[in-house]
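J.: Structure incoming, see below.
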């Protein structure tokens, strides 16, 4: 979990313009919440979230234009607290002179963007939530297969990295090998990424470390992806009764998100890459409303009923 993000990182990720305070972009942002000061402009500061990035749009700036210079300067100075990381002005609006004066006095950057207020609010919130979210490190491999984020787990040496290499060779994209940094982006979305030091790398026993981006090109890698499906690889054991029809619904919980999970037995001669590829396509088909197991079950019940009527 990252405890803070600098204003410079926010500027770079969201392509913001720096109006003032270029020397103060190292200020820390410690919360993903964004504040749109409304009541504060009227002078109400009983609850002012000073630690948040302050976002001003058309509504706020037009209201400010109706205030006297003295009133607005007083309000802006109250808004420029030592813990306030930055001000952001949307829709290519000019910041009020009183804000510029107050922010320069406090050493707080003023940033700008051509995006609408709602759009920049969404973009900044998503970025900050991703950066500041609690993270869990998982032993596994994460691959994007036909747009489905598949996290492959299993004991060490079961063949996760080798399977990922075959999937990359078949045109899919690697996100992480060995360690997957997992975090919750929102109520229903789980995201996985690689630790910076392991980005784009695969470790293959007998070969060593290979750079997937260097060998297969930029189209073979991604920096992060949603985790839609977990595939757990297990060594084949005759006394293990693996699901053959797809009726069993396994899941695994990370934070507040429950992710579908399937277990695949590993045995000599089984092409795991093709099996996992098929699992991803089957998951996507189910997400679109087609369930082959249900179709088979319905056909079987209909056949049994027909045979029963004949007898």
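Any Cβ shown, glycine's included, is placed from N, Cα and C.
Feature annotation from Swiss-Prot assigns active site to 139, 160, 244; the stated evidence is sequence analysis. Taken from Swiss-Prot, the feature ATP binding site covers 154, 155, 156, 157, 158, 159, 160, 161, and the record attributes it to sequence analysis. The Mg(2+) binding site feature in Swiss-Prot is assigned to 161, 203; the stated evidence is sequence analysis. The active site, proton acceptor feature in Swiss-Prot is assigned to 178; the stated evidence is sequence analysis. What Swiss-Prot records for 265-270 is region 'Important for the catalytic mechanism of dephosphorylation', and it gives sequence analysis as the kind of evidence.
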J.: At a 10 Å cut-off from the C-beta of residue 155 (ATP binding site), count the other C-beta atoms across all protein chains.
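T.: Looking across every protein chain shown, the total is 13.
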J.: Taking the centroid of the Cβ atoms of 154, 155, 156, 157, 158, 159, 160, 161 as the ATP site, which other residues of that chain lie with their Cβ within 8 Å of it, listed in sequence order?
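T.: Result: 233.
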J.: At the level of the C-alpha atoms, what whole-angstrom distance separates residue 159 (ATP binding site) and residue 203 (Mg(2+) binding site)?
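T.: Between the Cα atoms of residue 159 (ATP binding site) and residue 203 (Mg(2+) binding site), the distance comes to 11 Å.
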J.: Tell me the residue counts in helix, strand and coil for the region 'Important for the catalytic mechanism of dephosphorylation' (265-270), as DSSP assigns them.
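T.: Residue counts for the region 'Important for the catalytic mechanism of dephosphorylation' (265-270) by secondary structure: 0 helix, 2 strand, 4 coil.
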J.: I want to check the contact list for residue 203 (Mg(2+) binding site): same chain, sequence separation of six or more, C-beta distance under 8 angstroms. What comes out?
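T.: Listed in sequence order, they are 161, 177, 178, 209, 210.
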J.: Using other CB atoms within 10 angstroms as the count, which residue among the binding-site residues 154, 157, 159 scores least?
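T.: Ranked by other Cβ atoms within 10 Å, the binding-site residues 154, 157, 159 bottom out at 157.
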J.: Just to verify: the residue among 156, 161 with the fewest other Cβ atoms within 10 Å, which of the binding-site residues is it?
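T.: Output over binding-site residues 156, 161: least Cβ neighbours within 10 Å is 156.
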J.: Write out the long-range same-chain contacts of residue 160 (ATP binding site), meaning residues 6 or more apart in sequence whose Cβ is under 8 Å from its Cβ.
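T.: Same-chain residues close to residue 160 (ATP binding site) (Cβ under 8 Å, separated by 6 or more) are 140, 141, 152, 153, 154, 177, 233.
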J.: Expressed to the nearest Å, what is the distance separating residue 158 (ATP binding site) and residue 139 (active site) at their Cα atoms?
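T.: The Cα atom of residue 158 (ATP binding site) is 12 Å away from the Cα atom of residue 139 (active site).
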J.: Can you work out the mean pLDDT of the predicted model over the region 'Important for the catalytic mechanism of dephosphorylation' (265-270)?
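T.: Computed over the region 'Important for the catalytic mechanism of dephosphorylation' (265-270), the mean pLDDT is 79 on the 0 to 100 scale.
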